[in-house]
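> Reproduced below are the annotations present in Swiss-Prot:
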ACT_SITE  Asp12  active site, proton acceptor
ACT_SITE  His40  active site, proton donor
BINDING   11-17, 39-41, Arg311, 337-339, 419-421  GTP binding site
BINDING   Asp12, Glu13, Gly14, Lys15, Asn37, Ala38, Gly39, His40, Thr134, Arg148, Asn230, Thr245, Arg309  IMP binding site
BINDING   Asp12, Gly39  Mg(2+) binding site
BINDING   Val305, Thr306, Thr307, Gly308, Arg309, Lys310, Arg311  substrate binding site
Amino acid sequence: MVNVVLGAQWGDEGKGKLVDLLVGKYDLVARCAGGNNAGHTIVVDGVKYDFHMLPSGLVNPKSLNLLGNGVVIHVPSFFKELEDLETKGLNDARERLFISSRAHLVFDFHQRTDKLRELELSGASTDGKNIGTTGKGIGPTYATKASRSGIRVHHLVNDNPESWTVFENMYRRLLETRKKRYGDFEYDAEGELARFKKYKEDLKPFVVDSVVFMHKAIEAKKKILVEGANALMLDIDFGTYPFVTSSNTGIAGVISGLGIPPKVIDECYGVVKAYTTRVGEGPFPTEQLNEDGEKLQEIGAEYGVTTGRKRRCGWLDLVIMKYSTLINGYTSLNITKLDVLDTFKEIPIGIGYYYKGQKLDLFPEDLIKLGKVEVEYKVLPGWQQDITKVTKYDDLPENAKKYIKFIEDFVGVPVEWVGTGPSRDNMVHKEIQRI
């Protein structure tokens, strides 16, 4: 059994909370894409764990955890995050954590050039704005991967006598291309090489052939949960390009990032915030640059876990949700942070885009067009009462249930979970009919 949790908007939907709720049922939790540019927090028994690169399954003592071939690994951050978790009591994390030998390595010079690329890419955008990178070196690493000059984990940990020489030569060639690309590029290559000589032995116990690892688990009928990073609207192919991340963050990234066939995936859970947020630049049709937007930001505490940047806020956009569902094929939805809407008298929902008076059939790929659309809204009545103490779906206010029903009917996917507050216990389960 393979189930997948994916973000349905622009990230920060609260995927970690659903994973936290589900993880106790799974034998293996895997990440398939991204690096330490993601970020979410899980609270267990009053202890707060911050995850960026590592799978959330580490909080479950019975789960194995895998960073798949589609993940990019910044080794210093890997060990720092692992050590932070260990200091908070996850003492057996090292025994339950594995890394794909095919995963690519993020070097410090990737992070150094990330900001330089940000300045260049701003010139390629439609309005001269920055892309909004986290500066973690993720994009440059995927770029070297695509250009076939990247360095994989197995290049570092290989036991062949000449393996270090091969790794060092690859590293110097890769660094030289950075210097040629960016001119006067001062960098302590010898210092980083010395650190990686130590990492060679430190990393080795974690490394596995992830294709063999995954398929053995599937053949053994293990319960597997795939934890998606970012979200569909940040996908390199299907997101608001170029204001996206550098990997496939939808269902395609699960398949390519773990080396598994589509037929083994049983359920795909889409996580969607009850309103919409976005970090960084790029078009945002339902954004509210007014008191409503400020209220959503304040009540929702909308600041990024990884960057600390304030998130832009707006109403729920069901045009995006339909598009996201079309690509990812969600079998059920988790609506998060519904409680943030508790005090609103009326709640608009974006249900259509108009461009030059014509209604668009689908979310457009043209950002110039997207930046000029007029949004059609359906205004629903609010419930204006506190839902944070609700523990059963039937006990939600009628208008809250009507809000959820409207989403289900419009998108064509049942809602299975509803987030009703910030605590890990603030999640209401709704029975659905599975086909």
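Don't overthink the numbers, they just go from 1 along the chain as shown.
Every residue, even glycine, has its Cβ placed from backbone N, Cα and C.
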> Cα-Cα separation of Arg309 (IMP binding site) and Asp12 (active site, proton acceptor), in Å?
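Between the Cα atoms of Arg309 (IMP binding site) and Asp12 (active site, proton acceptor), the distance comes to 12 Å.
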> Given the binding-site residues Gly11, Gly14, Gly308, which one's Cβ is surrounded by the fewest other Cβ atoms within 10 Å?
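So among Gly11, Gly14, Gly308, the binding-site residues given, the one with the fewest Cβ atoms within 10 Å is Gly308.
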> Suppose we draw a 10 Å sphere around the Cβ of Asp12 (active site, proton acceptor). How many other Cβ atoms does it contain, all chains included?
27
> Measure from the CA atom of Gly308 (substrate binding site) to the CA atom of Thr134 (IMP binding site) and give the result in Å, rounded to a whole number.
10
> Which of the binding-site residues Gly39, Asn230, Gly308, Lys310, Arg311 has its Cα closest in space to the Cα of Gly11 (GTP binding site)?
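That would be Asn230, nearest by Cα distance.
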> Between Gly308 (substrate binding site) and Gly39 (IMP binding site), what is the CA-CA distance rounded to a whole number of Å?
10
> Using DSSP and collapsing to three states, where does Lys310 (substrate binding site) fall: helix, strand or coil?
strand
> Please give me the recorded positions out of Asp12, Gly14, Lys310, Leu338 that lie within 10 Å of the residue listed as 'active site, proton donor', comparing Cα atoms only.
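Cα filter at 10 Å returns Asp12, Gly14.
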> Filter the recorded positions Asp12, Asn230, Lys310, Arg311 down to the ones within 10 angstroms of Thr41 (GTP binding site), Cα to Cα, kept in sequence order.
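Correct set: empty; none qualify.
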> Using Cα-Cα distances with a 10 Å cut-off, which of the binding-site residues Gly39, Asn230, Arg311, Leu338, Thr420 are near Asp12 (active site, proton acceptor)?
Gly39, Asn230, Arg311
> Max Cα-Cα distance in Å among Asp12, Glu13, Gly14, Lys15, Asn37, Ala38, Gly39, His40, Thr134, Arg148, Asn230, Thr245, Arg309, the residues listed as binding IMP?
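This binding site's residues have a maximal Cα-Cα distance of 34 Å.
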> Using all protein chains in view, find how many other C-beta atoms are within 10 Å of the C-beta of Gly39 (IMP binding site).
19
